[in-house]
Structure formats: structure tokens, C-alpha cells
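Participant: Here Swiss-Prot flags 5-267 as domain 'Pyruvate carboxyltransferase', drawing on sequence analysis. The Mn(2+) binding site feature in Swiss-Prot is assigned to Asp14, His202, His204, Asn238; the stated evidence is sequence analysis. Annotation comment: Swiss-Prot describes 392-515 as region 'Regulatory domain'.
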Amino acid sequence: MTDRVIIFDTTLRDGEQALKASLTVKEKLQIALALERLGVDVMEVGFPVSSQGDFESVQTIARHIKNARVTALSRAVDKDIDAAYEALKVAEAFRIHTFIASSALHVEAKLKRSFDDVVGMAVAAVKRARNYTDDVEFSCEDAGRTGIDNICRIVEAAINAGATTVNIPDTVGFCLPNEYGNIIAQVRNRVPNIDKAVISVHCHNDLGMATANSLTAVQNGARQIECTINGIGERAGNTSLEEVVMAMKVRQDFMGVDTRINTQEIHRVSQMVSQLCNMPIQPNKAIVGSNAFAHSSGIHQDGMLKNKNTYEIMSPETIGLKKEKLNLTARSGRAAVKGHMADMGYNEQDYDLDKLYDAFLKLADKKGQVFDYDLEALAFIDMQQGDEDRLVLDKLSAHSTKEYPATAFVQLKLDGNKLITSSIGGNGPVDAVYNAILNLTGLEIKMSHYNLTAKGEGAEALGQVDIVVEHKGRKFHGVGLATDIVESSALALVHAINAIYRAHKVADIKNHKHH
């Protein structure tokens, strides 16, 4: 019988730490439900003790997920473990994940303890977690730079204390494949009680080795891989879920293992994470990059036409990638739009059909032809002006010539009925529009990030603008999508300002409660 490798997804914990602006609870839940459909065995969804917001998002996800084990991170500290339990206890199935640093560098410089103390703390943490659940994972942080004797010692102690999964992370992406594989082999051979736990690996990609290290670890006895969608994560990122899963699937002859992942969901989840996290996917990224299945050289194209196996080791359909249909126009009905979304594997619960269809009609009128990737962008950027928004972009025009500075006219609708207008100059049309909007709202805002991405191809491609603005020490994220860059920039700022207004509203409600 083929051995199964457990896929532990940490997109919403280790992946989210790398983002410029935090995801909302709604966005996190959307990703968690997509991960559940993907078939991940375990999803790590936050660090509950770190903030009330993180605690609440872990609790919300724990309440909704039925077909995967939900876990949260905690240091080897009582209050962390207790907070993790309180957030997770509503889940159908949960795990507590606790960790402590084990390398000499961390033990001496960060913890300022002896290694004996660290082993004692690990044992106490695992025992406390076992009071709450039979499923406890222990990680020795920075194992890649820890001596093998110390790794074996702390792992044995953690298993004796009740750990059911022991994780050997290469926290700083320092190891090379043979070296890391050897660490796993030694843990497997030298720890006397290792048969009572699953060996897990968690690799970072600082030297580009995360996928290779994870696969080598599996060949040496690891049976859980910790990874993220698109490999997102701190610094150079984490092991990429899609890469390790497809490597084990395509090379099952060599690896001799499989996973529970429904690979046809990979493309969809990858796109969702990219858009919600504002993390573009490099075109030549393995498995999910836009060029991953493109064959532009004449020789390759000729071979592909004769027999696609000449240059293709897996079919695009395996990861849920379908050829784009070109038949969506302004004349297409709601059923056609819904049908295209269903073809891409989305359920009606994943998006608001009414809002999507309205946005689709506006885009189809401008563009003529609408592609599947356009629909995905419209469906999952939940920001084009909704009912609850205080501010709506009503009219916009911007002019710029070589001789004269740029000027912009902006009309906004405030609170559903009040029209406010401003005409002002700026250093280019986008700057002029931003000056006009800020002039109307009177908010003090500092732009800390502006990114423009083309969605689609050709002159009529959609321009997606992602911004992060700072207001009173807090960061707010805005996204705008339109065929015109100035319009998408304006929509992004209006989106961010609406988020600020919502934050003000929440603050007012809280203040009210305290008085």
C-alpha cells in the first residue's frame, strides 16, 4: 500500500505574516474554505495569543471547517497554549502546535537558557497541550542549525510527553537537500520512541531549496510536509504546496507516496490567494505560473501538436486549468456567467452572483470580450463599490499634457445621496485624482505602497491597482480594477478610505459601549 504524506498548510499563519496588510476575517475564511475543498489534512490558521483579531479569525475558521484539522501556533508558554485551545475548541477536529527554539544560537541569544531548561519547557508545553487534545505537534525551531544529538534528545522528550507529530524545521532555509535528508534519517533511526509520532518538515526557501528539502525528507521517512499556497511566507517564502504535491504525484514511481489533495483545485486556490493577498505569481513559477504550460518555441509547439507528451510532463487539466472560452460578451446572461464560474469549480457560495453579474456587464460593455480570468478577478476582489460603502466614485476625468500640469475633476457620492466635487492639479493624472479625493474627504493619509498589475492581455486588459495607505498609525489596503489605470487607481483609494470609515465606525461603537 502506498504511504500517504500529510499536507499541513500554513498559508494563513506563516504565509500571512509576510503580507503588507493583514487579511480580513472574511478573506481568511474564504481561503480556509478553499483549502478545505483542496483537501489539505491540517490547516494552521493563526497565532491566537498575538492579537484579539487573530484569536477571533482562528475561532471563526475553526467553527466553519468540517473536513480538515484546524491548528494554531503557540510558544512553549502556558498563556499561548491556553489561548490556542480557547480559539480552537469549537472546531470539529483540532491540533495544538507548540514550538521552542533548539539551536545554540537561539537558545543562548534569544532564550538565554541552558539546553536542559529548553527541553524542560518543551515537555511542560506538550503536557499542557495534551490536557486539551490528543493531537499535539511539537516543533524545535531552527532545527537546521541544531546539533543532531540535541535534536534527537528534545524530540524523544517531546514524544514521551505526548507529542503525536514532531516537526523538524529548517527555519532560515540554511540546509541543502542531502544534509536535511540526513537529519531526518538520523531522527528516524536514533529516536527510540519515534514510531509513536509522525515526522514533519517545515522548510524555508532562502536558498531556493524548500521543495527539494521537503521531498528529500519524505524519502528519508518524513510523513508530513508544512507548506503554503504559491510558497508565500517570510523572506523568500515557504515550501510551495503545489510544487511538493505535484512532484509526488507526477513522480509517484520514484517517491512511492501520495496525498489526499484534489489537484484540480490547485489553480483556483492559487489565484484566490494571489489576489486576496496581493502577491502576484511570477510567470515562470512552477505549476501555477502563467507560463508553466506555455510553449512558445516553434520546435516545442510542433512537438506539442504532434504529441503533447513530448514537452509536457503533466496536463494543465490536472491542476484545474482549463482553456479559456472566448464566448462571454455583454449579451451573455446570468446563467452563462454562473456556468463559467462553475466550469472553473466555484460554488455559488464562493461569490455574490448579483454583484458579479453587474460588474461583468459593465466590463463587457467596455471590453467586448470577457475571459475566465476577468471573471475570477471580478468575483474575488470584493471591493467594487458595495451597498455599505460611505463613499462611491460617481464621476471622474483627468487631463494631462506636456505643456500643462495634470488636473482632475472628481465627483463622489457620500452616504448614498450627497454629491461632493473637487477639481485640482497634481504631479500626473493619478496624483491629481488622489489630491482631489483627499481634498474631499479631509483625511490625513500617507501612501506606503502602490502596485499596478495587468490582468489579461492586450490593450484592453484590466489594470488592477493595489495600494496600502497609512492613517493614524494603521495600515489600510485598497484594490481597484478597471480598464483605465486612473479609474482603477481612484477605485483603490476609495476602497481604502471606505475601510478607514468602517474602522472609525467600529471605534465609535466600542467607545459608546465604554461610556
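Glycine is treated like the rest: Cβ placed from N, Cα and C.
Help me see these features in their spatial surroundings.
Facilitator: In this model, the domain 'Pyruvate carboxyltransferase' (5-267) carries an average pLDDT of 94.
A C-beta separation below 8 Å, combined with a sequence spacing of at least six in one chain, links Asn238 (Mn(2+) binding site) to Thr10, Asp14, Gly15, His202, Cys203, His204, Asn205, Ala210, Glu226, Cys227, Thr228, Gly231, Ile232. For the recorded site, Asn238 (Mn(2+) binding site), the DSSP three-state label reads strand.
Counting residues of the region 'Regulatory domain' (392-515) by DSSP class, helix then strand then coil, yields 43 helix, 55 strand, 26 coil.
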Participant: By a 10 A CB contact count over all chains shown, which of the binding-site residues listed here is most packed: His202, His204?
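Facilitator: Of the binding-site residues His202, His204, the most buried by Cβ count within 10 Å is His202.
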Participant: If you draw a 10 Å sphere around the Cβ of Asp14 (Mn(2+) binding site), how many other Cβ atoms fall inside it, taking every protein chain shown into account?
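Facilitator: 24, counting other Cβ atoms within 10 Å of Asp14 (Mn(2+) binding site).
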Participant: Through the lens of DSSP with three states only, how would you label Asp14 (Mn(2+) binding site)?
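Facilitator: In the DSSP reduction, Asp14 (Mn(2+) binding site) maps to helix.
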